[in-house]
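> Features from Swiss-Prot:
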type	residues	note
BINDING	Cys88, Cys91, His112, His125	Zn(2+) binding site
COMPBIAS	129-141	compositional bias 'Polar residues'
REGION	129-148	region 'Disordered'
REGION	592-674	region 'HATC (Hobo-Ac-Tam3) domain'
ZN_FING	65-132	zinc finger
Amino acid sequence: MEVYNDDTEMRSPETQPIKETALEVYNDTAEIRSPETQPIEETALEVYNDTEMVSPETQPIKRRKKKSMVWEHFTIEAVEPNCRRAFCKGCNQSFAYSNGNKVAGTSHLKRHIFKGTCPALIHTHDNDNNPLMSTPYTPKTDTPRRRYRSQNNASPYVAFNQDKCRQEIAKMIIMHDYPLHMVQHPGFVSFVQSIQPHFDAVSFNNVQGDCVATYLAEKQNVMKSLEGIPGRFCLTLDFWTSKLTLGYVFITAHYIDSDWKIQKKLLNVLMESYPEADEALSLAVANCVSEWGLEGKLFNVTFNHPASNSAVENIRPQLCIKNPGILDGQLVIGNCVARTFGSLAKDVLEKGKDVIKNIRDSVKHVKTSESHEERFTELKEQLQVPSEKVLSLDDQTQWNTTYMMLVAASELKEVFSCLDTADPDYKKPPSAEDWRHVEALCTFLKPLFEAVSTLQSTGNPSAVTFFHEVWKTQSDLSRAIAGEDPFVTGIAKTMQEKVDKYWRDCSLVLAMAVVMDPRFKMKLVEFSFSKIFGEDAGKNIKTVDDGIHELFTEYMALPSPQNTTSEGGKADGLSDFDTYIMETTGQNLKSELDQYLDETLLPRVQEFDVLDWWKQNKLKYPTLSKMARDILSIPVSAAAFDYVFDMEPREMDEYKTSLRPETVEALICAREWLLESNASSSAAAQNASATIKSEA
């Protein structure tokens with residue numbers, strides 16, 4: 001006997017002898033029953049197709065109930081004598097079923113349903129509500145064989161879903177910053193139609209609505225994640241310009257989560273029609289606070305670019321009126337450290353612009369001609385110059401590229417000095433004076449470059465990171481001003497004015513962050529201020545000490561489970577015990593802050609995690625740890641890490657300025673959130689994989 005796949009015929013057992021044992025082969029299950037467990041007549045071999053049972057004898061056929069799920073969608077009708085066909089209940093299309101003794105299988109019927117070719121099923125069923133779609137379809141092999149099919153290795157068919165496809169297109173456009181009009185591009189339409197002819201093309205308005213819907217859904221997730229944040233929020237304001245004189249304010253929240261990890265989240269991108277107005281930024285902050293429910297939760301605001309005094313003063317009331325406990329709005333940083341150091345670098349480059357042009361022209365001569373570069377390389381090898389630096393032209397909108405060009409050229413100055421002998425086209429090598437000035441420029445730019453590079457390497461650097469950088473820069477400038485080189489002195493004086501202003505505006509914030517680091521506390525403040533202010537150091541140290549104690553007093557006054565009183569006015573019934581301690585020890589009980597400041601400094605280990613230390617000591621310092629959490633969340637930079645070396649404010653592209661302000665905000669914010677979500681998922685998957693490997 002031969003048993004064929006569903007698409008083949010079944011031959012009568014009369015043409016082939018059959019053993020006395022009974023064998024039943026069931027389609028789709030391949031169940032073999034033992035003769036001991038079920039007595040069967042000698043010639044009783046029954047082969048069950050998905051449709052019926054065929055007996056080897058001429059006796060009346062005993063029909064068996066059809067088991068295949070396809071019969072929920074098909075009916076059998078006789079079209080001619082000894083010829084029956086299967087008709088689809090949805091589209092009424094007919095398929096071969098039986099012709100005489102030949103019985104077709106059900107594979108072609110399954111394909112009609114599973115492959116989604118039935119017009120009646122295309123738009124009315126999906127994988128979740130159609131039970132048939134959840135049954136996987138396995139293509140047949142060319143070689144006839146008994147079917148012992150495994151359901152685990154089959155790939156389930158997913159029905160076409162127009163709404164799901166539109167959601168994915170919206171996410172694609174958002175994540176990859178594609179233009180909304182791409183859905184109407186002929187190439188895109190043709191591509192999609194070739195993949196899924198049933199997909200209905202979407203218009204610009206449709207995809208714009210889909211993108212906004214995606215943004216709103218993601219916004220709900222962000223809002224939910226922010227509800228459980230135990231501390232306060234710090235806001236950074238990044239201002240973008242446009243060719244249409246419109247301004248765009250990017251507002252990002254910085255905070256420390258319940259696991260004591262510093263986080264940030266883009267909240268708003270607000271268009272300002274009159275960005276030069278002093279109240280523009282304060283209105284943007286007010287809208288953000290109201291929209292995200294941050295009343296009473298603000299701690300600090302940091303500006304990306306220098307703000308006018310009036311603009312800063314307009315922000316302060318929003319911090320102190322509805323946000324008690326933040327020193328009457330003193331914790332406002334009018335200019336972030338990235339822009340401050342960028343402005344200093346710009347001053348350096350401006351002072352040396354003539355020298356830099358000579359160096360740039362020399363580098364351009366080498367890099368814009370293969371023959372010139374070959375001669376330069378050959379000369380370098382002949383002179384045995386050990387430098388591994390590679391020459392490159394600078395991007396004048398990124399000051400770090402100019403610095404790296406100067407460093408590379410300075411190390412290769414010996415080659416440039418002799419290049420005119422090997423390359424007759426090279427006419428104007430820099431002079432010895434030029435090279436001396438280049439070295440001076442690099443001396444000023446190097447500490448700025450290293451400090452700003454920290455913003456890229458650490459992701460969310462705290463104020464502790466830059467306290468040392470700022471006061472060290474100020475000390476270096478003071479020494480440079482006292483020098484005798486007029487070129488160096490002139491640069492140092494120009495830089496000194498900006499550093500002094502930044503220090504006046506931000507020294508309190510930076511110093512308070514240092515105090516919250518158990519490796520430094522007030523000791524580093526005292527040491528650095530003595531270097532910077534000299535005789536006036538004591539007054540400035542007292543300002544920081546008074547500020548940190550005043551802030552702690554305000555935190556002690558805030559309602560919390562630790563210090564709430566009962567109806568009788570008593571905290572915990574141990575006031576008499578406190579009196580006893582004061583009488584027996586002869587001194588008042590120390591506050592958490594004073595106890596913390598009096599303890600010995602921790603060793604300065606390189607991998608120290610200050611947030612983790614406070615997490616471990618929050619029970620010892622219940623109130624002080626809350627204050628430390630908020631102080632250490634203050635960002636010193638409002639610039640995105642990709643743009644910390646920009647010389648000018650970012651500019652919104654013309655395409656986005658042509659869109660509605662709400663659409664611009666939806667596209668930019670949703671992109672940020674989706675990318676963060678994908679990055680978190682990838683990191684979690686990698687951690688899980690690493691854990692499995694380590695356990696194995």
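Positions of Cβ are set from backbone N, Cα and C atoms, glycine also.
Computed from a predicted structure; not experimentally measured.
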> Look at the binding-site residues Cys88, Cys91 and tell me which residue has the greatest number of other C-beta atoms within 10 angstroms of its C-beta.
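When each Cβ's neighbours within 10 Å are tallied, Cys88 tops the list.
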> So for His112 (Zn(2+) binding site), how many other CB atoms are inside 10 Å of its CB?
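So the number of other Cβ atoms within 10 Å of His112 (Zn(2+) binding site) is 21.
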> Please spell out the DSSP helix, strand and coil residue counts for the region 'HATC (Hobo-Ac-Tam3) domain' (592-674).
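Secondary-structure composition of the region 'HATC (Hobo-Ac-Tam3) domain' (592-674): 46 helix, 3 strand, 34 coil.
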> Between 0 and 100, where does the mean pLDDT of the zinc finger (65-132) sit?
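Taking every residue of the zinc finger (65-132) together, the mean pLDDT is 74.
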> Reduce the DSSP letter at Cys91 (Zn(2+) binding site) to three states and note it down.
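SS state of Cys91 (Zn(2+) binding site) = coil.
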